[in-house]
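The structure under discussion appears below in the form of structure tokens.
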Amino acid sequence: MNRNPDHNTFPNITLKIIETYLGRLPSVNEYHMLKLQTRNIQKITVFNKDIFVSLVKKNKKRFFSDVDTSASEIKDRILSYFSKQTQTYNIGKLFTIIELQSVLVTTYTNILGVLTIKAPNVISSKISYNVTSMEELARDMLNSMNVAVIDKAKVMGRHNVSSLVKNVNKLMEEYLRRHNKSCICYGSYSLYLINPNIRYGDIDILQTNSRTFLIDLAFLIKFITGNNIILSKIPYLRNYMVIKDENDNHIIDSFNIRQDTMNVVPKIFIDNIYIVDPTFQLLNMIKMFSQIDRLEDLSKDPEKFNARMATMLEYVRYTHGIVFDGKRNNMPMKCIIDENNRVVTVTTKDYFSFKKCLVYLDENVLSSDILDLNADTSCDFESVTNSVYLIHDNIMYTYFSNTILLSDKGKVHEISARGLCAHILLYQMLTSGAYKQCLSDLLNSMMNRDKIPIYSHTERDKKHGRHGFINIEKDIIVF
């Protein structure tokens, strides 16, 4: 029987806090379930909603000025959400409401509210790069890799983009400047800061407080537009979350990384924004070309890739003094694949102190083998490399999340061989190891190459797990 508690049964202060929050006397079950939430409930109850409404209105005026909604509508949506618990009787939903309201009252001002106050002066730090000089070289490199055969019968998943992306991008530009210790960007927008001719869609980010930021942003969009916003977590992408609207249109996504990982990611400073070092991004691009899907993307829009490649090549030429003369030495390093055990052996002794690298195509197998080695010095760089690295007895052990392309039966395609070399170089950059000679040889090994057809490719490692999501409208959190 679900009875209401009387005021003599429970401590008066706790009961009063819960009663004030719910706008009613709690049931016995509600009381016992919510009494440990009284601290959060108190913060929500005393939170100044008027100041919060003002901050959201300012955010709307600055970043969403073209969205047709009135100040009174915004206020009504905010007050409605902060009183939602009074009409909710499901304990699970009450916990969700408390958790999300707690995020708003404790973090919104410092994360998004601060974007409305006067910003520090922008420190202009751009260098003039001669990207045009690299366009022909980039085109030649990419042309030799444009070997994917498009299966016209293959059904491609559609990536629907919200009309709010341009508004969120405007907000993100300011966010990246204000929070440049905890949030950095990579991808097309970061290269646009170097070369304004680059086209970009949404802004790709790495940050240390991704979940909190995305929740705050989701509510900002909800309060301004009135739309139901959903946050999704994808199991096969590490620490990745995406915001979509009620029609499944993509708004923004983010990878979360630890602060110690953030500290070692190579980055450069442009106009008060930190971007992932384009050298590192170039290595990631070379690595990703081992993925058959990425080669299919190249086949569909080579000019998009050419603009990015030329920008990064000019950056490494200017920054590292790379000479593009075709001298490749021992690049790409020799790669031998064991297709049955799904391990590639890369001969590294010509460049590094470890004599070889065992590249696993199944992450669970690598984890098991590392345990068997009884070694505890592995480095996990999370989504930055999608892999751990371990050097033990002069052998590097690592995981490669992409496909391996074969040019013949049992023979690693040179595109994948370069991708594996790039994967090893990412580790060198992250650990401040030597990489420049290897980088020079790797880039020169991409020059003047003939197209080599793809014979076959390995399958990607299958990732398991359930999708997580936060549905604000339905008060559901599943993680």
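Yeah, the Cβs are placed from backbone N, Cα and C, and that goes for glycine too.
Binding of Ca(2+) 2 is attributed by Swiss-Prot to D202, D204, and the same site annotation extends, among D151, D245, D248, D253, to D253. You'll find the Cα of D204 (active site) roughly 7 Å from the Cα of D253 (Ca(2+) 2 binding site). Cβ neighbour count for D253 (Ca(2+) 2 binding site) (all protein chains, 10 Å cutoff from its Cβ): 20. Compute the center of the Cβ atoms of D202, D204, D253, which mark the site for Ca(2+) 2; besides them, the chain residues with Cβ within 8 Å of that center are G187, G201, I203, I205, I252, S254. Around D204 (active site), a 10 Å sphere centred on its CB holds 20 further CB atoms from the protein chains shown. A distance of 9 Å separates the Cα atom of D253 (Ca(2+) 2 binding site) from that of D202 (active site).
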